[in-house]
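Here TrEMBL flags 10-127, 519-633 as domain 'Response regulatory'. Here TrEMBL flags 139-198 as domain 'PAS'. TrEMBL lists 214-266 with the feature domain 'PAC'. As annotated by TrEMBL, domain 'Histidine kinase' applies to 277-497. Residues or ranges marked as 4-aspartylphosphate in TrEMBL: D59, D568.
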Amino acid sequence: MTFHPTKTPTILNVDDNDGARYAKTRILQSAGFEVIEAANGTDALEIVHEQHPTLVLLDVKLPDINGIEVCRRIKANPDSSMVLVLQTSAALTGRADKIRGLEGGADNYLAAPIEADELIANVNALVRMRQTQVELRDSEERFRQITDNIDDVFWMFSVPDGALVYVSPAYPALWGRSVEALRGRPASWLDAVHPDDRLRMGQRWEQLALMPHYDEEFRLSGTDGKTRWVRDRLFPVRGQRGDVYRVARVTSDITARKEMEALLRTADRNKNQFLATLAHELRNPLSPIRNAAALLGTEGDSSGERQARAREVITRQVDHLAHLVDDLLDVARISEGKIVLRRDDVNLGTVVNQAIETAGPLITARRHRLAVKLPEQEVWVSGDPVRLAQSIGNLLHNAAKFTPQGGDITISASLRGEHHVRISVHDTGIGIAEDNLPRIFGMFAQVDVPPDRAPEGLGIGLSLVSHLLELHGGRLMAESPGIGMGSTFTVELPLLRVASIAPTMECHPAADSGGSGMRVLLVDDNIDAMEMMGFLLAEMGYETCTTSDASQIEGLALHHRPQVIVLDIGLPGIDGYEVARRIKQNPALSGIRLVAHTGYGSPEDRKRALEAGFDAHLVKPAELDDLERALKG
Ligand code: ADP
């Protein structure tokens with residue numbers, strides 16, 4: 001039942017004697033109460049049930065149910081137990097009657113003769129008492145709702161003995177210990193405090209009477225092995241004389257805030273480190289550019305050559321700067337969601353080739369060996385060819401950068417089920433510690449610099465690659481058995497289709513073992529001559545492939561992996577010397593022996609061929625012996 005102290009109290013006046021009932025009604029109404037009447041117990045119970053009067057003025061003697069029984073039923077029903085009952089009796093006026101009435105649950109008992117002022121004073125006293133009770137109950141209810149429903153722990157201890165007066169139900173969840181254990185030994189809350197904080201908090205509590213207030217932060221060691229941070233506040237509670245006789249305490253879980261603070265600190269440290277690296281990276285190219293600019297102004301014998309070198313340096317360094325700025329812009333575009341892929345059907349072999357071209361100079365400069373392993377078929381994916389080549393180029397560049405000179409780098413692609421293709425870049429370099437593996441994809445993340453390289457890069461490459469691959473519906477994974485044990489970065493992309501390699505190349509298996517399984521690629525536009533030579537070489541034990549399409553020579557060589565390429569220099573529309581140069585500059589192909597087979601036989605032609613990178617020079621038509629010697633080197 002709800003009690004409305006502001007409403008005029010309603011009194012149910014129950015008496016079977018019409019005259020007496022009327023008199024009491026008049027008295028109560030004159031005192032400002034609203035009055036309802038009932039002449040028997042059954043009606044009285046029904047009205048109580050329906051109208052919830054504030055007080056029932058209940059005569060003991062009723063025609064149907066005895067007034068004491070009516071009172072008992074009112075009090076026994078939870079719905080009406082808060083209704084006040086003032087029992088009255090005209091006849092049963094003895095002490096024993098009064099006691100029986102009160103024991104039946106009545107809030108008071110008045111025996112005749114009942115004077116008007118006595119009746120009103122009694123009703124007022126009971127209404128006041130009920131009002132106080134209800135206010136108290138409401139206030140306790142509100143307190144309970146707060147303390148029961150908030151994750152913070154509310155406590156109250158008496159001072160100075162430290163006895164526990166109250167603890168809210170959040171205690172077990174935050175402390176990982178039972179309320180019973182705490183009640184058994186109130187100081188046991190300290191047991192869960194992290195050993196490094198326990199002494200400090202213990203000392204604080206020893207000074208409870210002297211300093212009954214604090215605002216502290218400390219750690220709790222959970223039984224689950226996790227550490228939680230809490231903020232613990234203590235407030236003095238003063239008695240009427242102003243003395244502190246209790247302390248109120250609120251403990252809140254601030255683990256999330258602490259973790260956020262740690263993240264912010266790391267982000268801030270990373271930002272500062274990034275700015276320092278950025279300054280370093282931007283400044284690095286400036287000094288060679290300044291020196292080169294100075295060289296441009298010099299005169300003298302070798303000034304022409306020097307100026308050419310200076311121009312080269314400036315171009316290279318400006319390219320490097322432009323690359324840095326491009327990366328930075330890409331990062332900004334990605335974080336604003338503004339990168340748009342120019343999608344197309346992309347041949348993975350072409351992408352891998354472009355990536356090798358980009359990273360080639362560093363791989364060569366650091367004297368790494370590069371192995372390329374591509375599937376037999378052509379693998380097609382849907383994506384932005386420039387972004388895909390940039391991503392794989394970045395991984396190759398890292399492999400070259402983080403591998404001490406003369407290492408081995410392998411790039412391989414393989415189908416993964418029916419729907420995916422994986423491209424792995426493996427190196428034999430400095431490797432990555434297990435702890436650092438999850439970090440390196442983060443923005444501005446860098447691990448220690450290997451001893452043989454200066455700090456270089458902004459730590460945004462991998463983050464960029466992994467975002468670009470996500471945009472392609474793919475992902476980037478990193479593995480390393482540990483420091484010094486190399487790394488493998490694997491790109492997984494959704495597969496578009498596979499196709500068998502276009503038959504621009506024809507192959508003949510070796511007919512005997514004379515060529516010791518050597519693979520030879522013949523490139524010539526004179527198909528008849530080439531076919532004849534192909535058959536001959538196959539007969540001699542060489543596995544021989546032929547093509548007249550020199551424009552695809554690099555792609556074919558990547559798939560076929562020949563040990564020797566025999567190339568006609570004078571091919572229509574293509575410069576054989578240029579092809580030779582490209583092959584020799586491609587770290588994946590530079591190990592292949594190049595034999596020029598040409599109609600140009602002058603010493604100058606021979607010299608030019610060797611300068612372009614050919615390992616041997618044969619004049620058409622070559623004798624078989626010469627050819628075999630040239631193949632074997
Ligand atoms: P950056 O190369 O500019 O430092 P990246 O995002 O490309 O930035 O790489 C982040 C970090 O990951 C590098 O600083 C390096 O510590 C580590 N890392 C990347 N690739 C390799 C690799 N192939 N071998 C070892 N560590 C690598």
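The backbone N, Cα and C atoms fix where each Cβ goes, and this holds for glycine too.
Are these features on the surface or tucked inside, and what are their neighbours?
For the domain 'Response regulatory' (10-127), the model gives a mean pLDDT of 93.
Across the domain 'PAS' (139-198), the DSSP tally of helix, strand and coil residues reads 33 helix, 11 strand, 16 coil.
Around D59 (4-aspartylphosphate), taking its Cβ as the centre, 25 other Cβ atoms fall within 10 Å, counting all chains. Secondary structure at D59 (4-aspartylphosphate), taken from DSSP and collapsed to helix, strand or coil, is strand.
Under DSSP, D568 (4-aspartylphosphate) is assigned to a strand (E or B) in the three-state scheme. The 10 Å shell around the Cβ of D568 (4-aspartylphosphate) contains 21 further Cβ atoms across the protein chains shown.
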Could you give the Cα-Cα distance between D568 (4-aspartylphosphate) and D59 (4-aspartylphosphate), in whole Å?
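Distance between the two Cα atoms comes out at 129 Å.
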